[in-house]
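This report refers to the structure that appears directly beneath it.
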2 protein chains.
Amino acid sequence: MKHNFGAGPCILPQEVFKQASHGVLNFNNTGLSILEISHRAPEFVAVMDEAISLVKELLNVPEGYSVLFLQGGASLQFAMTAYNLLPEDKKAVFLETGVWAKKAFAEANLIGNAEVIASSKDKNYSYIPKDYTVNADSAYFHCTSNNTIYGTQMHSFPQTPVGKVCDMSSDIFSRVINVADFDLIYAGAQKNIGPAGATVVIVKDEILGKSGRKIPSMLDYQKQIDAVSMYNTPPVFSVYTAMLNLRWLKAKGGVAEIEKENNEKAKALYAEIDRNPLFKGTAAVEDRSKMSVCFVMENPDLEKPFLKFAEEKGCVGIKGHRSVGGFRASLYNALPITSVHALVEAMQEFAEKNV
Amino acid sequence: MKHNFGAGPCILPQEVFKQASHGVLNFNNTGLSILEISHRAPEFVAVMDEAISLVKELLNVPEGYSVLFLQGGASLQFAMTAYNLLPEDKKAVFLETGVWAKKAFAEANLIGNAEVIASSKDKNYSYIPKDYTVNADSAYFHCTSNNTIYGTQMHSFPQTPVGKVCDMSSDIFSRVINVADFDLIYAGAQKNIGPAGATVVIVKDEILGKSGRKIPSMLDYQKQIDAVSMYNTPPVFSVYTAMLNLRWLKAKGGVAEIEKENNEKAKALYAEIDRNPLFKGTAAVEDRSKMSVCFVMENPDLEKPFLKFAEEKGCVGIKGHRSVGGFRASLYNALPITSVHALVEAMQEFAEKNV
């Protein structure tokens, strides 16, 4: 039994793996693989429709918003949002909370005019800046809801005089959000949605068609909306498996239910980090992420031995990103609380042996 | 037993489906799914490296070329090629042989200056134009090697005074090509490469860095080369399954061997189309595609009954595209010749019943 704390591509429910595996051999008892049917076939159109409907249902997406399944990950969205939403004569403003926020800014700034209005770079992105003002003549405000590398998360979003664009790649579907608070939300699939290779976008229809830019067709939200995410051949397997995973989430009781579990998981792990004298968290307490728990050891010499010890106990994927060091335990939706208990026990056992 | 003549996403070898299905449950006996391991893990880096190596080996890619696995399909390449290869002060020239060639032109023309120098639109794209001149001051010459909808294929490529860019989405790996004849080749994976969601690019390194355009990072070939196709999270399952499929092709003897089989398959089907008085081919004989065989019936009223009859015989996916009508049988690498025989027999039986 492995406890997969990997940051992504990451754990999905075992039953989703089983269903997806079966679909590769025999999709819906058609005698054909999900990989060999046309994306225009009624069977696949139904998959795409259900995937889109499940996003709408699970996130309670209001009228006037469209849901897309695209390709290219969040990194392509960095450019795509600017092409579609940033006019030549306006400026997009960015909250810089880590590497991904920085990259999103850089791409927008390549295409048009963008500015970082607040950053936590001064303390290695260990907190979420709260003291900043968004000018009313900005094109939009961009933020990253969860910062996997630094273990911070926005537990609330600022009131802004312009529309909010949010990269929710690593915490979408992990907690209840109010979609109406945002003009556009995007997320690479490979955390709580499904396999890498798909990207979910939720966009308020009325904001489109106003950037005045020439937009390549594949990067034009309106064209993708008109084509119901099939402007060209979609990543069929990723969409199919995302649909299976969203079905699993719905059967579990939806986002509100999984949020309770996620709260329990985070609470258990942070409690041990705070209690155990060998460990300490790296993020500001009030901004601690419930998805990406980053911690180090008081004695850095013990980090390698602990990593090995934890792996022997089946806890894999906990090595921290090089820019923070130490450990990062990702607690995505599909990770059972028993895996968190296994890690906590490993921390306790290791502490007993190293007093 | 189904005979899958679908145009794409299309048939792959049964053993590839089996291996891919197994990898979704337990990848390389790691106890983890291919969907839940990090793309930075040595196990996945090895998959990407092998996929790239197999492309190089199977197509005999010369020194000085890079191979990429990207996202977005050929449709994103339509824009990406223009961003990377088309300077402001030059013109890209296009051979218009069908819908995809037309779209490739339109995207390049949106980004810069492009011109169609020859077209077969006058005869519903039923042939490949041969009488045209490429000016030496063009940025590049773009062509589409195989036209799925119209059933034509370029059996040779023109000598041009500028570099050739070719969309080989529907016939790459089906026949021996001389990569050195091209500056850039691209192909959506979902025909002879692997599942939808990946795109292969083969590019001559020395042509890059000269367009003078601002290029979004995800669309910058050089950045993708520098990152070995992992500028961001790649479509792991699509790359993995493509690698399995290319292994299968190598084990079969490679491209030269599969080309012989493909020739046999096309020969058998065209022979029946030409022999059977009920059917006729739609493409000019000298330009007939060996991958996409398009045909209609002399009596259009018999087309629906034949479609039904063929399906009863297990032949699926043969309905022609609406812009040509009739039938289209795609004879991709993984389609066994026995499937072609099944279709030929269905045509013969149907003819006997409808004399």
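The backbone N, Cα and C atoms fix where each Cβ goes, glycine too.
Whatever TrEMBL says is automated annotation, not expert-curated.
Residues or ranges marked as domain 'Aminotransferase class V' by TrEMBL: A:4-341. Per-residue pLDDT, averaged across the domain 'Aminotransferase class V' (A:4-341), gives 97.
Non-local neighbourhood of A:R40 (L-glutamate binding site): A:M230, each in the same chain, at least six residues away, with C-beta under 8 Å from its C-beta. According to TrEMBL, the feature L-glutamate binding site maps to A:R40.
The pyridoxal 5'-phosphate binding site annotation in TrEMBL covers A:A74, A:S75, A:W100, A:T148, A:D167, A:Q190, A:N232, A:T233. The C-beta environment of A:S75 (pyridoxal 5'-phosphate binding site), restricted to residues of the same chain at least 6 apart in sequence and closer than 8 Å, consists of A:K103, A:E107.
As annotated by TrEMBL, N6-(pyridoxal phosphate)lysine applies to A:K191. Mapped onto three states, the DSSP output places A:K191 (N6-(pyridoxal phosphate)lysine) in coil.
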**OP:** Within 10 Å of the Cβ of A:N232 (pyridoxal 5'-phosphate binding site), how many other Cβ atoms can you find? Include all protein chains, please.
**Re:** 22
Original post:
Hey, which of our recorded positions A:S75, A:Q190, A:K191 end up with a Cβ under 8 Å from chain B?
Top reply: A:S75, A:Q190
Subject >> Set of same-chain residues at least 6 away whose C-beta sits under 8 angstroms from A:T148 (pyridoxal 5'-phosphate binding site) >> reply: A:A7, A:G8, A:G98, A:W100, A:S170, A:S289, A:M291, A:S292, A:H321, A:R328, A:S330
**OP:** For each of the binding-site residues (A:A74, A:Q190, A:T233), count the other CB atoms lying within 10 A of its CB, then report the residue with the highest count.
**Re:** A:Q190
